[in-house]
Amino acid sequence: MDNRPIGFMDSGVGGLTVVKTAQKLLPNEEIIFIGDEARMPYGPRPTAEVVEFSRQMASFLMTKNIKALVIACNTATNAALAVLQAELPIPVIGVILPGAIAANRQTKNQKIGVIATLGTIKSEAYPKALAEINTKLRAYPVACQEFVEIAEKNELHTTAAQKVMNEKLAEFRQDQIDTLILGCTHFPLLEEGIQAAVGPDVTLVDPGVETVHQLIEILTKQALQHAEGPKAQDQYYSTGNIKNFEEIARTFLNQDLRVEEVKID
């Protein structure tokens, strides 16, 4: 048993979608989350910059004595997963490979759409991961940077947001995909609108769910589970825009939580 907390990090509020799954499947675990609101979005930034920001976020979480780290951000996973795995003395997992594994399990026609930030799409991280798992899979990637802004502004259910989603995802109709990877942790916040845009016959895959299952496996194999019984309260930190972050977090997680501001540079 190991009662230390688990660290989660993201460029903004999107990582809360992974946290929500973790709180459901790992109710005994203490979670410490940090969102880099001051410097988001990560998607358009150079890889070297994302690596540096990821190091800084991980360093902050390490001061909280975490026992494992989840990079709850696709852009940061692509840029910094291998770096942080090499540099940190604890298990570090990302969201890309778990997402590809889940999509391969779901698809029936081997046609898989991928929506993500510009950085993740340009890196071809998901097509590469899918090809490693199953060479018969065909990936159809589309950059949807605008979706991040919709989520961060908490405009999830507006008519304007649905119009943007309909326009960006229209091409998937002719591609005849049957599975769509939500390749940015912000995107499950827009799940309802995305499903409406692509139609009911397309299965949406949230990589965060598979990521938490992998986390459970690691905690079990390495005897890192938290003991049953009372645990410390989960902690939430943001590098900027506390009010907006807190509002989204409280609504999405359905908790009366408090977010603390932290300066990282």
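We number each residue from 1, going along the chain as drawn.
Cβ coordinates come from backbone N, Cα and C, glycine included.
If you check Swiss-Prot, you get these features:
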BINDING   Asp10, Ser11, Tyr42, Gly43, Asn74, Thr75, Thr185, His186  substrate binding site
ACT_SITE  Cys73  active site, proton donor/acceptor
ACT_SITE  Cys184  active site, proton donor/acceptor
Inset, instruction - Starting from the Cβ centroid of Asp10, Ser11, Tyr42, Gly43, Asn74, Thr75, Thr185, His186, which together make up the recorded substrate site, report each further residue of the same chain whose Cβ lies within 8 Å of that point, ordered by sequence. - result: Gly12, Gly14, Gly15, Met40, Pro41, Cys73, Ala76, Thr117, Thr120, Val148, Cys184
Inset, instruction - Look up Asn74 (substrate binding site) in the DSSP assignment and reduce it to helix, strand or coil. - result: helix
Legend entry - Under 8 Å by Cβ from Tyr42 (substrate binding site), same chain, sequence gap 6 or more: Ser11, Asp36, Val50, Phe53, Cys73, Thr75, Ala76, Ala79, Thr117, Gly119
Legend entry - Span of Asp10, Ser11, Tyr42, Gly43, Asn74, Thr75, Thr185, His186 around substrate - largest C-alpha separation, Å: 12
Legend entry - Pairwise CA distance, Asn74 (substrate binding site) versus Cys184 (active site, proton donor/acceptor), rounded so that it is a whole Å: 5
Inset, instruction - Can you check which residues sit near Cys184 (active site, proton donor/acceptor), meaning Cβ under 8 Å from its Cβ, same chain, 6 or more apart in sequence, and list them in order? - result: Gly14, Gly43, Cys73, Asn74, Thr75, Ile115, Ala116, Thr117, Thr120, Cys144, Phe147, Val148
Inset, instruction - Around the Cβ of Thr75 (substrate binding site), how many other Cβ atoms lie within 10 Å? Please give the count over every shown protein chain. - result: 33
Inset, instruction - Determine the Cβ neighbour count for His186 (substrate binding site): the number of other Cβ atoms within 10 Å of its Cβ. - result: 29
Legend entry - Residue among binding-site residues Ser11, Asn74 with least C-beta crowding, 10 angstrom cut-off: Ser11
